[in-house]
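Below: one structure, written as structure tokens.
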Amino acid sequence: MKHFLSLNDIDSLPNLVEDAIALKKSPYQFDALGKNKTICLLFFNNSLRTRLSTQKAALHLGMQVLIMNFGKEGWTLEFGDGTVMNHSTSEHIKEAARVVSQYCDILAIRAFAGLQNKKTDEAEEVLRGFRKYASVPVVNMESSTAHPLQALADAITMEENKTKAKPKIVLSWAPHPKALPHAVANSFVSMIKMQHAEFVITHPKGYELNPEITHGCQIEYDQAKALEQADFVYVKNWSSYSNYGKVLHQDSNWMMTQEKLGKAKFMHCLPVRRNVVVEDAVLDGPQSLTTEQANNRTFSVQIVLKKILESL
Ligand code: CP
């Protein structure tokens, strides 16, 4: 593996999930692979799980780790070609990427969607800018449109918890007071399309995800109907895609409850707003897989870093 920007960089999802589960049983078995190798993590946005799990995975592999909260501490980056930089930007992505490449062997980037301009967000200028000008492999720790490390952790979690060969998986929109990006939902849909599963997406009208990503998926606007006989229920908020970045409404009837969940396993990437997205009883109950998902973030990124280290 040369880079990990999206799930398309994976040769075989089932094989990678199997390898990650094996790695989990013996996390230090490849600790010589990263000796004298450094990973640099650049965060343009906040994080708990991604930051700590990536650091832990790199340490398991014997790597050294550099971390910078670029969004708060770095120079404001310019992305335009030929720009006369006499306004607010201080450093061009060309210099930033080339310089950071001198300090590390792998570069990991987190840069969320701004949700102000669909075209800008879909251009993925931070992730693609570093990919274009860096001379080391680049890993996506959540970009404007994708969170592939989360989707890989979710695939590992479902593989470990499924009780039938073809489970029913439901992705359910939930209310939220703030406008949130589409990255987690996009990557979850892309990952499920690589699985043997019955899959239904449910949300209120107006919250349709990018149709290029959901193409071929069943969309059911009646949440109760979608949840019938579900084995896994993945809950996530996202803002409108067609009315880009807008919160159309916060219908609390869409919050996930124990009653609605039935016998299904509950999944969410975290962080989650209790009693807005999902009620306490679900998160505190035995059907919640959220802590397992967070634990599997370590092994999703560790298997990716291992594959990249092997290709250096
Ligand atoms: N799920 C996830 O990416 O969590 P953080 O935003 O805390 O990293």
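Each residue, glycine too, has its Cβ placed from N, Cα and C.
Automatic prediction, not curation, is the source of TrEMBL annotations.
According to TrEMBL, the features are:
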DOMAIN    2-160  domain 'Aspartate/ornithine carbamoyltransferase carbamoyl-P binding'
BINDING   Ser47, Leu48, Arg49, Thr50, Trp75, Arg110, His147, Pro148, Leu149, Gln150, Cys269, Leu270, Arg297  carbamoyl phosphate binding site
BINDING   Glu142, His176, Lys236, Arg273  N(2)-succinyl-L-ornithine binding site
DOMAIN    184-302  domain 'Aspartate/ornithine carbamoyltransferase Asp/Orn-binding'
Which one is it, among the binding-site residues Arg49, His147, Leu149, Arg297, that lies nearest to Arg273 (N(2)-succinyl-L-ornithine binding site) by Cα separation?
Arg49
In whole Å, how far does the CA atom of His147 (carbamoyl phosphate binding site) lie from that of His176 (N(2)-succinyl-L-ornithine binding site)?
19
Here the binding-site residues are His176, Lys236, Arg273; which one has the lowest number of other Cβ atoms no more than 10 Å from its Cβ?
Arg273
Comparing the Cα of Ser47 (carbamoyl phosphate binding site) with the Cα atoms of the binding-site residues Glu142, His176, Lys236, the shortest distance belongs to Glu142
Please list the binding-site residues from Ser47, Arg49, Leu149, Cys269, Arg273, Arg297 whose Cβ falls under 6 Å of any atom in ligand 1.
Ser47, Arg49, Cys269
Nearest-integer angstrom distance between the alpha carbons (Cα) of Cys269 (carbamoyl phosphate binding site) and Glu142 (N(2)-succinyl-L-ornithine binding site):
12
Candidates Arg49, Leu149, Arg297, namely the binding-site residues, that fall within 10 Å of Glu142 (N(2)-succinyl-L-ornithine binding site) by Cα distance
Leu149
Please report the distance from the Cα of His176 (N(2)-succinyl-L-ornithine binding site) to the Cα of Arg49 (carbamoyl phosphate binding site), rounded to the nearest angstrom.
20
Quick check: in three-state DSSP terms, what is Lys236 (N(2)-succinyl-L-ornithine binding site)?
strand
For Lys236 (N(2)-succinyl-L-ornithine binding site) and Arg49 (carbamoyl phosphate binding site), determine the Cα separation and express it in whole Å.
16
